[in-house]
Amino acid sequence: MSLFGVQKQRLPFQWVGGSSLHCCVPKCTCSSRYNSCLSFHCFPADNAARQLWLARIRRANFTPSRDTRVCSRHFLPRDIFITPRGKRLLKKGTVPVLFEWNNYSLPEPRLGVWERRPRQEESAAAADPTEDSSGSEMEVVAPDHDYCVSAATGVMANELLRENESLRRQLELARSQIERLQLRTRFCLERFAGSDDQIRLYTRSGYLFNLLLPV
């Protein structure tokens, strides 16, 4: 037990004969000579993947050799598979993520914005219910659309309607006067068309009337 109450993970030390491999991760003292339950993995041949490993183990300026190893303690269990012969290998693209400085654990993933929003809406709905305790339903008022007529627009529309009605009555009156004039003219023409004497009398009276007009 450490001073801060965090119990460090202790691995059983078992003697293993043969050559000894050591983990190159800082603050890790694991060795293949004393830990048969661990596997030790070399750095990837790809340069980009190798640089990523060095960044994860915090040894950016370190140049790994052919014998440099990282023990399986720094990988997630799901990233390691065992062959039929019992050899432990890493899956493609695996990187070390478990270290002493993160207490050999990963932080829980933070929820995204869209994942957090439904919970916030639910909490807001619970804090501000739409119905009161008496159970009476609230009246829902539909919002006005963009094409709703305002008060000033309604007054103007009424004035235009009244003006239109007045113009319509004037037009009907003018049409009636035109019809009466047309009927009167037609009556006069039909009246004089049946008598030559009346036509001569009318034209003669008009000629005499013009002669009597003052010059």
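Every residue gets a Cβ built from N, Cα and C, even glycine.
A TrEMBL annotation is a machine prediction, not a hand-curated record.
Noted in TrEMBL for the protein shown:
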DOMAIN    19-99  domain 'THAP-type'
REGION    116-138  region 'Disordered'
COILED    157-184  coiled coil
Sort the residues of the domain 'THAP-type' (19-99) into helix, strand and coil with DSSP and give the three counts.
16 helix, 15 strand, 50 coil
PLDDT averaged over the residues of the domain 'THAP-type' (19-99):
92
